[in-house]
Amino acid sequence: VISPCKILKCNSEFWTATSGSHHLGTEEAPEFCTALRAYAHCTRRTARTCRGDLAYHSAVHGIDDLMVQHNCSKDGPTSQPRLRTLPPGDSQERSDSPEICHYEKSFHKHSAAPNYTHCGLFGDPHLRTFTDTFQTCKVQGAWPLIDNNYLNVQVTNTPVLPGSTATATSKLTIIFKSFQECVDQKVYQAEMDELPAAFADGSKNGGDKHGANSLKITEKVSGQHIEIQAKYIGTTIVVRQVGRYLTFAVRMPEEVVNAVEDRDSQGLYLCLRGCPLNQQIDFQTIRSTQATEGRTRRKGPSLPAPPEAFIPVEDLYFQSCVFDLLTTGDVNFMLAAYYAFEDVKMLHSNKDKLHLYERTRDLAPGNTAPLGTSPALWVALLCLSQCWLCLL
């Protein structure tokens, strides 16, 4: 499913037309207004299909503000001006930042080291909250993952198969709010088959403020993996496209997590409160039923089960991998589980809590999983072998 909302295209066209225009002399101001009117016209054309889209509404408000700042008339030509290039010394290359724009430096002055938390969303979709609760949810449509004083994150989940309750993340919108002298408001938006390496306005940092580089976006793997560093709030965000769908992971200080004005609205903040009960899926029961049905249909000699000593307890990333393969048949969901765990290893501050287990039986002394097992090999091979047994 590809969104008919074309706000990314509008943003990109405006940025292309006006790159470097904040260095223009007053005699060229009409050229900026022309591009701005073209931008407004583009947003109006896609208004009907962008209803409820955070990036769209952010763009509309931004256009109104720029119109006022540059004394632009809403009536006039809308032809695109010539392409411009950023001159040397532009804020895109600025390396210095005020200390207030580096969270850890300013934090250590008055308190102990900050406590960091992690939240992740991947697969069908599986949610790991800031409190290390693990859930599998339906949450079809648009849902807020994070909503605090510094940023908003919204995901849109669509059905994986027609008529199925299984959903996966097809769209992600992140809004970094303007913060003191550090950053301007920035919007990042990704969709299926479109994982930009820049913010919606085409920039790769926090804008024109002095601490612009305290917010930066970096492309790790083209079209597959981006990372956003927001140093002014001590936050790291990882967005991936695995197969057709998106995954999200964040590392954020507890102080930032809890920075909200209206605590009553936190009930819809999935990374903090989890999914509503009526949206949660008991994937353990579903997986057990499907595995039993698979074994009943199986013909021929039974394949040997994995050794008891190898899986005394099952990691929930492994279980989610099995569940997703059973419900969708798409092997890319296996990779989503693997990369989600890789992101946990990178982002979670407590290495003793990387794995989340659900004990399936009492263990005899010494009956533990091998400590030296590679997580990549463990997730990939174990998930494939277990799912193969269930699907035969």
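Using the three backbone atoms N, Cα and C, a Cβ is placed for every residue, glycine included.
Annotations in TrEMBL come from automatic prediction, not curation.
Record features (TrEMBL):
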- 5-74: domain 'Repulsive guidance molecule N-terminal' (DOMAIN)
- 74-97: region 'Disordered' (REGION)
- 115-349: domain 'Repulsive guidance molecule C-terminal' (DOMAIN)
For the domain 'Repulsive guidance molecule N-terminal' (5-74), the number of residues DSSP places in helix, strand and coil: 54 helix, 0 strand, 16 coil
Mean predicted confidence [pLDDT] for the domain 'Repulsive guidance molecule C-terminal' (115-349): 82
